[in-house]
Ligand SMILES: [Fe+2]
Ligand SMILES: [Fe+2]
Ligand SMILES: [Fe+2]
Ligand SMILES: [Fe+2]
Ligand SMILES: [Fe+2]
Ligand SMILES: [Fe+2]
Ligand SMILES: [Fe+2]
Ligand SMILES: [Fe+2]
């Protein structure tokens with residue numbers, strides 16, 4: 001089984017990259033399942049229903065979220081019925097709407113997709129190490145094909161959960177920093193890992209936001225409204241993961257970047 | 001001018017990689033100057049004099065530090081006289097020993113190397129945006145060849161300072177997360193940038209530390225003494241930067257990784 | 001029912017204050033139960049068995065802990081069998097030894113004592129709002145006399161949990177900042193509250209630690225080993241709470257300070 | 001010289017308390033100078049010109065600010081010309097408008113008022129320990145009557161700067177936590193200190209904000225818009241400081257609270 005995972009889509013710019021390149025990437029890599037992190041898809045903050053649906057129409061099978069899940073208030077109106085939209089599973093149990101993992105059918109097989117959020121330097125949440133074990137106990141009854149989007153700030157927490165889960169899941173791929181890392185690898189017991197897949201959207205912003213606002217904040221420490229840098233060049237950050245059809249272990253993981261420094265090639 | 005920069009050397013394992021591969025890298029890439037981040041070189045915490053000197057002997061021209069600068073108390077005995085050792089320049093002015101930048105001679109040219117530390121999710125320090133401007137005002141009188149090791153946690157602060165300095169310095173390369181990023185690029189006005197060059201030392205630890213200790217800490221949140229994972233495989237993370245001899249602007253930056261997934265090739 | 005609660009005992013200095021004044025305070029106020037926070041009792045960091053036992057001998061019925069619970073490694077040897085020692089109940093479930101609440105007999109009545117830790121600006125832990133509800137569901141079957149030591153940094157989290165539990169428990173008293181607050185009050189539905197009861201030990205230290213070390217750290221941001229300021233004057237910080245014998249609601253709460261600015265009077 | 005200092009005024013509720021009780025407090029205590037922290041005066045976030053002016057008209061001589069300084073955008077229009085309004089002096093030098101200290105005339109004497117912000121668990125700022133030394137060097141030429149509002153989160157930073165400045169300034173009084181502390185004292189060399197003077201405004205809110213919103217945030221960790229709790233009972237938190245007319249050292253400091261648990265008495 002081959003998976004394609006696209007990192008944090010930011011704003012209109014990110015949506016355009018999805019519309020233009022997701023079909024091309026699917027034609028090039030032939031993934032059986034496509035997962036997109038959409039936590040910044042609508043104006044950089046959260047996601048609304050129309051963008052969520054457009055991702056499904058363009059070819060996403062599951063949309064994952066992160067710390068920006070609730071930033072667009074529209075999500076509260078449709079998350080209850082959105083079966084392909086998952087938010088971090090370790091958000092305060094029973095206090096928030098939505099689901100934290102889902103299992104989708106791919107031909108004769110099943111793929112579990114789990115969304116988790118880290119705790120270091122982030123809003124408090126339930127323990128991702130404990131929550132993922134509970135979920136795995138349940139999910140493992142149905143399938144060994146398990147993909148985890150671990151939305152976290154620090155490399156230590158990302159490496160720790162990946163090594164902790166090595167051999168139990170097919171892949172742990174980080175998101176949230178908006179910068180792709182150069183550490184994609186298969187851990188010794190068969191779990192594919194990379195610390196962060198990076199973002200999709202403005203290539204010349206700062207994490208996708210207008211540079212002058214972010215730099216201004218660092219210079220003055222005065223509060224600034226960040227806005228997506230919608231006018232410049234664009235990037236897409238993703239990874240491809242090959243999973244052994246018998247064991248659920250990963251065989252291969254490699255990054256995919258599309259931007260002026262990494263032009264797309266068919 | 002070509003620079004070679006090697007990321008956070010961790011413990012004996014990292015020292016061995018330096019001894020084995022720094023000469024090979026110099027033979028392969030022929031850098032005019034070699035810079036090594038040594039903040040974790042002695043047992044993972046700080047650096048002592050013998051390790052510092054061994055780095056110089058193996059071919060480093062400047063050794064940079066970071067938030068672990070003071071962890072090994074021996075540094076206080078020799079930092080005052082160590083002309084090739086720099087700690088973050090924005091450490092509390094006049095309250096700490098050592099220097100934050102240096103200028104070295106390379107043939108007929110001069111290279112300024114500046115060490116800075118970020119403030120987001122880190123110990124308080126003086127404003128790196130303000131401090132770097134003060135240093136540049138002085139340094140620019142002597143040279144346009146300027147390399148900055150920006151030791152910081154978040155990608156936002158790293159991208160912000162790089163864009164802020166674009167065109168004013170030859171390169172801004174991040175350290176501290178111990179994970180190499182896949183975003184090396186030349187910014188529009190000529191500054192080479194990558195968010196993090198990654199670490200040098202244990203390949204199967206968590207940021208170079210023994211996995212069981214780090215995972216144990218995440219599971220129990222009980223205090224744990226982290227130790228360098230000195231028994232397993234090893235990695236080296238670096239980058240090479242080519243600077244235009246007339247302008248001081250960067251022409252090229254590319255990452256260098258040496259480990260089982262990226263074998264060294266002459 | 002009357003309770004006496006003594007805040008964070010720090011080092012030998014704090015132990016001496018307990019030995020000298022706990023008997024006097026009991027003679028003066030006649031509490032039915034005495035609770036002492038001992039998280040800094042042994043050299044400022046954690047507690048060992050001999051200090052724990054001396055607290056019980058001097059008149060403590062329950063000893064509570066906080067973020068320093070594990071700092072003295074001896075605790076691991078005796079916490080399993082220490083029935084009057086409780087650590088925060090929302091420490092990672094099933095991953096750490098010890099208990100987070102206890103019920104003691106006082107004449108014909110029962111008193112539940114619960115220890116909880118905040119999450120804002122502290123080491124990650126399980127959700128105290130969720131955990132306390134689970135505990136209350138169980139404890140409420142046995143008694144309505146319920147005292148909570150909420151060990152937390154911010155006033156917002158302290159006020160929030162107190163108002164959240166107003167009417168459900170007899171008292172929520174904060175610890176951890178080592179500074180007594182002047183906000184003791186009975187909330188509208190009957191829960192006694194004060195943000196922080198303060199510390200017991202050195203009166204001229206900084207949070208009980210030697211001033212020069214702490215100030216030195218702020219000036220230089222260099223790592224410093226903090227030590228208890230064992231030579232100077234001393235303080236004791238406590239509060240007394242009166243609980244209605246029928247309802248379990250609080251009728252009264254007032255602070256008790258003993259130091260040169262607040263001399264003890266029989 | 002006697003000073004009256006009123007802690008963080010929050011919203012309309014806090015403004016009403018100022019209007020009603022500031023004149024009464026001045027009649028009761030006869031301070032030569034009155035200082036009011038107004039960082040939350042306008043709807044809980046910052047201050048606008050009309051509220052600033054109303055404070056001066058009601059009897060404030062200086063208005064201090066804190067981390068909420070810039071929350072109300074109107075401030076940018078009038079802070080440049082507002083001579084009695086000071087924001088933390090250690091905000092990024094030369095990057096923000098306004099001033100961080102002022103000297104006012106009181107009969108034949110001068111009083112310097114300095115506003116500073118802490119760095120622990122707060123937005124990065126310049127080093128308050130370094131900045132205050134620079135200011136004192138200048139201010140000491142004109143007067144020994146010096147009052148400092150230290151707006152900070154942690155008790156450690158507050159105690160550290162007070163002890164650091166002991167004997168150099170008349171008083172260091174903390175703000176920001178919105179909870180009055182019970183530690184008012186004269187340090188050995190003559191500086192009056194209390195960790196936090198507390199807030200002025202809603203008495204039944206959480207730090208002045210509507211309880212349901214704050215508790216809801218802690219339960220769900222979903223983003224919530226906090227609003228001032230304008231409907232309930234009210235509190236005023238202040239302190240009075242007596243300074244020796246010859247030395248500038250403090251002779252006395254005591255807290256003043258006005259609320260249902262501490263009724264105002266003429
Ligand atoms: Fe994101
Ligand atoms: Fe995120
Ligand atoms: Fe490092
Ligand atoms: Fe570091
Ligand atoms: Fe404590
Ligand atoms: Fe504590
Ligand atoms: Fe405030
Ligand atoms: Fe504040």
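Keep in mind that glycine also has a Cβ here, set from the backbone N, Cα and C atoms.
Automatic, uncurated: that is what TrEMBL annotation is.
Per TrEMBL, the features are:
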BINDING   C:8, C:39, C:40, C:178  Fe cation 1 binding site
BINDING   C:39, C:67, C:151, C:176  Fe cation 2 binding site
ACT_SITE  C:68  active site, proton donor
Neighbourhood of residue C:176 (Fe cation 2 binding site) by C-beta distance under 8 A, where only residues 6 or more apart in the same chain count: C:8, C:66, C:67, C:118, C:151, C:152, C:153, C:196
Lowest local Cβ density among C:68, C:151, C:178, which the record lists as recorded positions, within 10 Å: C:68
Inter-residue C-alpha distance, residue C:40 (Fe cation 1 binding site) and the residue listed as 'active site, proton donor' (nearest angstrom): 7
Coarse DSSP state, helix versus strand versus coil, of residue C:176 (Fe cation 2 binding site): coil
Integer Cα-Cα distance in angstrom, residue C:178 (Fe cation 1 binding site) to residue C:68 (active site, proton donor): 13
Shell list (Fe cation 1; ref centroid = CB of C:8, C:39, C:40, C:178; cutoff 8 A): C:7, C:9, C:10, C:37, C:41, C:44, C:66, C:68, C:175, C:176, C:199, C:201, C:207, C:208
Number of other Cβ atoms within 10 Å of the Cβ of residue C:67 (Fe cation 2 binding site) across all protein chains: 23
Binding-site residues whose CB lies under 6 angstroms from ligand 6, from C:40, C:67, C:176, C:178: C:67, C:176
Coarse DSSP state, helix versus strand versus coil, of residue C:39 (Fe cation 1 binding site): coil
Rounded Cα separation (Å) that holds between residue C:39 (Fe cation 1 binding site) and residue C:68 (active site, proton donor): 5
Short-range recorded positions relative to chain D, from C:68, C:176, C:178, with Cβ separation under 8 Å: C:178
Residue C:40 (Fe cation 1 binding site) CB neighbourhood, other CB atoms within 10 A: 31
